[in-house]
Amino acid sequence: MTLPSSQFPDLRDRGVLVTGGGSGIGAALVEAFARQGARVAFVDIAAESSLALCEKVAAQTGQAPHFIQADLRNVEAVRAAADEAVAKLGSVRVLVNNAARDDRQALEAVTEESWDESLSVNLRHLFFMCQAVAPHMQRQGGGSIVNFSSIAFLLNMPEIPAYSTAKAGIIGLTKSLAGKLGPDNIRVNAILPGMIVTERQRRLWLTEESIARMQERQCLKRMLVADDLVGPCLFLASDSSAAMTAQAMIIDGGVF
């Protein structure tokens with residue numbers, strides 16, 4: 001599948017910060033915003049794939065995104081990444097909180113350490129990144145925050161209790177922040193992807209059989225990929241959704 005061709009003129013020259021942008025869904029979003037003419041920075045812990053993405057996007061658009069290497073489990077690193085993005089881009093009007101890791105772990109195997117690790121990777125940094133970026137958006141007169149959740153917490157999946165908890169928590173966080181930041185013209189929405197097939201998912205978890213089972217549950221009988229999330233994210237980031245906040249948009253091919 002190729003990236004959607006729709007253009008959102010208001011995104012041109014807009015400062016955009018994407019977390020977890022070095023691969024998978026995040027990389028598709030970084031590329032898409034760059035194609036819209038936005039000024040893009042992204043955070044990732046993995047340097048090799050991130051630098052390769054910068055080269056690819058620069059070759060395609062003539063402008064390389066700014067890569068910030070950081071471990072988002074560290075709150076000070078989150079704050080430093082936000083400050084670096086603002087300094088590099090001049091402003092951040094769009095924040096996409098995408099970084100996550102869906103490790104599998106049985107109920108009996110969960111420890112205090114693994115529980116805290118999952119919430120740190122999948123929930124905590126979203127709040128602190130919003131906290132760091134919001135003052136910049138307030139000074140600019142507004143902005144859009146897009147938080148990536150998942151339909152996983154709606155599926156009764158037995159092997160991801162901590163991950164499901166984090167992804168459910170993102171919905172509560174989104175609604176709370178929308179209420180707090182709305183008076184400052186900052187919109188906060190969430191996207192809940194379904195089974196998005198990425199290279200990492202294929203390598204670690206998915207089989208042809210599991211993909212087929214999920215497609216059977218979907219109304220749309222095809223495999224969903226990262227590019228399927230580009231259009232919805234661009235829409236929420238742009239002024240086309242100017243009256244939309246505190247909402248959770250499910251992109252799952254019709255499971256729900």
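Glycine is treated like the rest: Cβ placed from N, Cα and C.
Swiss-Prot annotations:
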ACT_SITE  TYR163  active site, proton acceptor
BINDING   GLY20, GLY21, GLY22, SER23, ASP71, LEU72, ASN98, TYR163, SER164, THR165, ALA166, LYS167, ILE196  NAD(+) binding site
BINDING   SER150  substrate binding site
Do you know offhand how many angstrom separate GLY22 (NAD(+) binding site) and the residue listed as 'active site, proton acceptor' by C-alpha? 21
Separation of alpha carbons, TYR163 (active site, proton acceptor) and the residue listed as 'substrate binding site' (Å): 9
What's the number of neighbouring CB atoms sitting within 10 A of the CB on TYR163 (active site, proton acceptor)? 24
For SER150 (substrate binding site), what is the tally of other C-beta atoms lying within 10 angstroms of its C-beta? 27
Quick check for the class: what is the C-alpha distance, in angstrom and rounded, between ILE196 (NAD(+) binding site) and TYR163 (active site, proton acceptor)? 16
Spatial neighbours of TYR163 (active site, proton acceptor) among the binding-site residues GLY20, ASP71, ASN98 [C-alpha, 10 Å]: none
If you count the other CB atoms within 10 A of the CB of SER164 (NAD(+) binding site), including all protein chains displayed, you should get 21
Which residues, sitting 6 or more apart from ALA166 (NAD(+) binding site) on the same chain, put a CB under 8 Å from its CB? ALA100, SER118, LEU119, VAL121, ASN122, LEU123
Sort out the sequence-distant neighbours of GLY20 (NAD(+) binding site) for me: same chain, 6+ apart, CB within less than 8 Å of its CB, listed by position. GLY26, PHE42, VAL43, ASP44, LEU72, ASN98, ALA99, ALA100
Binding-site residues: GLY22, ASP71, ASN98, ILE196 - member with fewest neighbouring CB atoms within 10 Å: ASP71
Per DSSP, ILE196 (NAD(+) binding site) is which: helix, strand or coil? strand
